[in-house]
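Chemist: One structure, pasted below without further comment.
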Amino acid sequence: MAGPSNDSNMRQRFKPPANAPKASDKQPQQQQQYRPQPPKTPPFQLNPRIAFAVLFAAHAVAALYHPVQDCDETFNYWEPTHYLTHGHGFQTWEYSPEYAIRSWAYVGLHALVTLPVKLLGLGKSAEFYFLRLVLGFVCALCEARLFSKINAALNPRIGLTFLLVMASSPGMWHASISYLPSSFAMYFVTLGIAGFMDWRGGLRTAQGIWMFGIAGTLGWPFAAALSAPFLFEEFSMGVLSDEEGMVKLFWRVVDGITRTLLIMFVQTMADAFFYKKTQIVPWNIVAYNIFSSKGGPDLYGTEPWHFYLRNLTLNFHVWFLLALISMPLLVMQHTFRMKGNTRASYFRSVTFLSPFYLWLAIFTLQPHKEERFMYPAYPALAVNAAISLHIILGNINSTDPKDLVAKIPFQLRLSGLLLFCLVSFVLSGLRIAGTITAYNAPLNVYKPLHNDSAAVGGAKLDDFVCLGKEWYRFPSHYFLPEGVRAKFIKSEFSGLLPGEFSEAGSGFGLFPGAWLIPPGMNDENTEDVGKYTEVKHCAFVVDSQLPSTKTTPLEPSYAGDEGTWERAGCQPFLDGFSTTVLGRTLWVPDLPFVPEPMKRVWGEYCLLKRKKKASPERERVMGVPPPIENLH
């Protein structure tokens, strides 16, 4: 392969016999006439600190403006964190001690991050955005680490492309700041790849195993599968090495496993503190997803085999296509244009490209598919795409008169490359802008609640903000004032909604909601009517009004009931059913010259406040006859 140029460590590890024929001895004299000239100046390398700044800037903007895309993020992570820091929150069945497939160690770690903001009294929404910014900061650190290792172990051009993919792709835009174990796993998968990639100063097997171990314990257990190609490479080298090399490999593996077990021990102790019994949460997750006899995750929907192909095309567009063809390009490069690269270099390149293919294959075969399941493999996708582009550029820049591409004018080749980069940036920008403008209303619609209670939209202590058909877009209690609670009202949804963590008082110790078994929970997605509140108890209702909405007895038009509700605040919200595929996928300006079929169709996302009923005395002044029961 043309790109990964430093394979001296690999050659040393394989230790070929001294009498082995050299590659140059096998080549006929006529095949040695063309020799590519070495570069006269070293390739451009971007400082890793600048790379970090670029990455963090992108993630910071996402943290401030990108909507919460997955209700699992809200109810399984933001709400338990709110319970730890503010004493109440929604509880899903996964946190019931009967099932225990969510780790309190993971949630508690993030709750600690928000404490400084809480102590400063900056408000709950500030805690939300601060944690998002911290997640973006950590993600940028991990990416910058891998960026520097790619520069050192492969090629600075591959590193620069990796940086562009991670900083600009719509997929990374939300994965980097999502409060999800799959995002957390992605951070440490990035560090794990960096650990296995760089052999300068010795192999870092223990470090790589440890990073993947954290990804699989505190993060998501299945993320550990991404380490398989790297471990296979390590064991292959051990088999081909001498006895001393095998012994060193053994102790490196033991070191990495020991570190991972230490992390798992600390996690298990933390979870035992909350659940009040020993729970190995990573194993519980694996058992539920693989060995469940009650339907497991498939109860929450299944998708066709091409779901991830479509989703990754949306999130990475041309970069995903490059990632898909990276292995064929490498094989062709090795077969037809090897030009001095060793089999060791080829083997290393195959190792780097394999994790993404492995992950995509595993999860394509699973019936239940979610966008977030791809997060841990995003760094591997970016590496594949960067290597693909590097191979293509190596051929485009060829000056070998035997190459067909050399006959194309250089200016034309350069124009094609610039056009490719322009298309990638435009697609990313349109996708990101389209998502933010279409769906960020839930992050803004709750702001009137923080007004003075006498003002329009202002909430007071013990008010209920009710969620009907829009329950799954609730961004968490971090957007509600202190003392104001969210409640569910019945809609057409007939699955199991979250309950509430117990707020038992004295005698139950710290965080009793974490270990008391909640009522009405099950792992079969069976509805529990005890989760609902009657509409008459709601001071506010959050509802959407879209052109495509069809009202039903369970989902009436609350905004249309002007006798009961007034608009405290409304935000534009995209009507996905009425908008064409182009408008749903990319940002389309709402300008007169845009053809009508291409325009985006809008509705409203509203916070509605119950109108106060006038007193009998005020009704008499207004000329309204009093109710019969008030007549004497």
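We number each residue from 1, going along the chain as drawn.
Using N, Cα and C of the backbone, Cβ positions are placed for all residues, glycine too.
No curator has checked TrEMBL annotations; they are predicted automatically.
What TrEMBL records for this protein is below:
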- 1-11: compositional bias 'Polar residues' (COMPBIAS)
- 26-35: compositional bias 'Low complexity' (COMPBIAS)
- 1-41: region 'Disordered' (REGION)
- 50-68: transmembrane segment (TRANSMEM)
- 129-147: transmembrane segment (TRANSMEM)
- 179-197: transmembrane segment (TRANSMEM)
- 209-232: transmembrane segment (TRANSMEM)
- 314-332: transmembrane segment (TRANSMEM)
- 344-365: transmembrane segment (TRANSMEM)
- 377-396: transmembrane segment (TRANSMEM)
- 417-439: transmembrane segment (TRANSMEM)
Chemist: With the transmembrane segment (209-232) as the reference, find which of 50-68, 129-147, 179-197, 417-439 contributes the most Cβ pairs under 8 Å.
Modeler: 179-197
Chemist: Under 8 Å, at least three CB pairs between the transmembrane segment (417-439) and the transmembrane segment (314-332) (pairs 6 or more apart)?
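Modeler: With 3 or more qualifying Cβ pairs, these stretches touch.
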Chemist: If we call contact 3 or more Cβ pairs under 8 Å (sequence gap 6 or more), are the transmembrane segment (377-396) and the transmembrane segment (50-68) touching?
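Modeler: These two segments do not touch.
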Chemist: Give residue numbers and ranges for long-range contacts of the transmembrane segment (129-147): same chain, 6 or more residues beyond its ends, CB-CB under 8 A.
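Modeler: Those are 48-49, 51-52, 55-56, 59-60, 62-64, 81, 110, 113-114, 117, 159, 162-163, 166, 176-179, 183, 186-188, 190-191, 193-194, 197, 379, 383, in sequence order.
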Chemist: Is the transmembrane segment (50-68) packed against any residues at least 6 beyond its ends, judged by a Cβ distance under 8 Å, and which are they?
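Modeler: Residues 74, 78, 129, 132-133, 135-137, 139-141, 143-144, 147-148, 159, 163, 166-168, 172-174, 176-177, 435-436, 439-443, 473, 475-476.
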